Amino acid sequence: MFANSLRRITKPCLGVPDMAVRHIAMRPKPKVKVNSREGGGKGKPRPSTGVRRKPPGAQKQQPASIAINGDAARRLLESKFAANISSFNELKLHPDVRAVLPDVIQLPEHKQDQDIKPSIIQSLAVKIMRQSYTYKQRVKNEGEEPTVEKIPVDRQKTFVLAAQTGSGKTLAYLLPLLSDLKDQEKFPSWQLEKHYKTVRSVILVPTLELSQQVGQVLKQFEEPLGIKTFASAFGQSHQEIAKAFNNRLDVLVTTPQKLQQTREKNLGGATHLVVDEADTLFDTNFIDSTTDVISQMPKLKCAAFVAATVSKSFLRKLRSFYPHVVVIAAPRLHAIPDHIRFSVVDVNKAPYYNNKKVALLQALYAISHSQKQKNYVRRVVVFRNRKEHIPELKKFLEENGYPVDTLHGKQDLHERNEVVEKYTNMPDAADQTENARNVRVLLTTDIASRGMDMKNLRFVVLYDVPFDKTDFIHRVGRTGRFGREGEVYMFTDNQDKKAQTNQLLHTSRNGLSL
């Protein structure tokens, strides 16, 4: 079977010669990477066009290391701490937030009596971000007995939260955020503030698809915690948005562009900010709208910038606004997890003879006969570099009997929303009749590679070699999420640059800096 030949080079099958397929072993990376030279990278951040407003809390740039791993000794201690955490009960969470977790993290039936173990990035985020919320005491004389009141220290904390795709980063930033919002409700001032028409915290994301996904997670906390949330979504009317801002909002999830278009917003009271997929929201297409929105939050106490890929240029850019940002990075950042089986298929060699379509049919045939996920329709995400190439491949697959969905930027919002809902929900049960293929293909571009949690997705095909290491990591990261097994096939031919392909594979093994 083709799938077996992908797993081990030494096992030929279906007439596929060993030289056509390379299985890439994910070699373990050393636990600690020693910090690079202090003093920042070469050159200065590229100047932007036009006027850009610096966010509140932004300071004059200071020399700072751009190495994402920071101090080696501190990283080692943090990793050991996270590895020793066996339950959320050991972390400093608000009791009400902790009580909701069993309903949010749905365990299989045979594990429901066990404690829920946080991922490494969740343990690190809660430990470091919650310890950084500092308060001071103020003695008040009321009547005969003096009282001691806790008030928050007026100082902004800024973090970068970096971990592999599928490692639970959404909960890693939501748990400290929600715990701190609940802690604020203990202060006497809350009795007045709870009636204000204001937004207490903002989560910025690059797409409405991701906004809906984060909003669905937040909805599970809403009633138990007594909080009010709102997430921007497809097809919302202006009246719906205006109604949401007409009351107190504890958590707002939206895109920078959507927020700029909303006239009723009141961000002046927001104390917490999360920028999810921050490397995207700080690139040239988004940075002006992102920084404009952040500048409207003068009372920020805590800001977290979350990403699966943290390049030196991104970190340098972020430190131009926040020189003392604290980096919270999980081990093996930028490396493909060991539970993902990664294989390279050289389509120049027999039996494909430079025909990627034949290689794709062979891969889909093997997947349809796999013993993995045999109780469900097996969903396969096939990535292409350009949306213009999707219609032709869709027609070819449909002519060969495969049901195909597409997701790309040229589709209208309603069509995109239908596809997103289909793949972020559980797959359909398998057709048990003989010769049923039980495979469904999603043809897409990078629009589906960022943040989307596709339920029970095991198989990914990189039909085109990604343009760069960042795209590569995000595409591969659609499978193998939350420790589940995944399989990735990357097709290469003579048109692909050997140096670029080898560089991607080197990154996948070692988790090198971008």
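FYI, residue positions are counted from 1 along the chain as it appears here.
Glycine too: its Cβ is placed from the backbone N, Cα and C atoms.
According to Swiss-Prot, the transit peptide annotation covers 1-55, on the basis of sequence analysis.
The region 'Disordered' feature in Swiss-Prot is assigned to 26-64.
Here Swiss-Prot flags 115-122 as motif 'Q motif'. If you average pLDDT over the motif 'Q motif' (115-122) in this model, you get 86.
Summarising the annotation, Swiss-Prot assigns domain 'Helicase ATP-binding' to 150-328.
The ATP binding site annotation in Swiss-Prot covers Ala163, Gln164, Thr165, Gly166, Ser167, Gly168, Lys169, Thr170 and rests on sequence analysis. A coil conformation is recorded for Gly166 (ATP binding site) in the three-state DSSP classification, outside any helix or strand. The Cβ of Gly166 (ATP binding site) lies under 8 Å from the Cβ of Pro337, Asp453, Gly477, Thr479, Gly480, Arg481, Phe482, each of which sits 6+ residues away along the same chain.
Marked as motif 'DEAD box' by Swiss-Prot: 276-279. Only residues 6 or more beyond the boundaries of the motif 'DEAD box' (276-279), in the same chain, are considered here, and those with a CB under 8 A from a CB of the stretch are 160, 169-170, 173, 203-206, 210, 214, 305-307, 309-311, 314, 318, 450-451, 470.
Per Swiss-Prot, the feature domain 'Helicase C-terminal' maps to 359-514.
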*asked:* At a C-beta cut-off of under 8 Å, are there same-chain residues at least 6 beyond the motif 'Q motif' (115-122) that contact it? List them, or none.
replied: 79, 82-83, 85-89, 91, 101-102, 105, 107, 161-163, 167-169, 171-172, 175, 328, 330-331, 482
_Cβ contacts of Gly168 (ATP binding site) (under 8 Å, same chain, 6 or more positions away)_ = Pro118, Ser119, Ile121, Gln122, Phe482
*By a simple count, how many Cβ atoms lie within 10 Å of the Cβ of Lys169 (ATP binding site), its own Cβ left out?*
25
*In the structure shown, which of the binding-site residues Gln164, Thr165 has the fewest other Cβ atoms within 10 Å?*
Thr165
*How many neighbouring Cβ atoms, not counting its own, are there within 10 Å of the Cβ of Ala163 (ATP binding site)?*
25
*With a 10 Å radius around each C-beta, find which of these binding-site residues (Ser167, Thr170) has the fewest other C-beta atoms nearby.*
Thr170
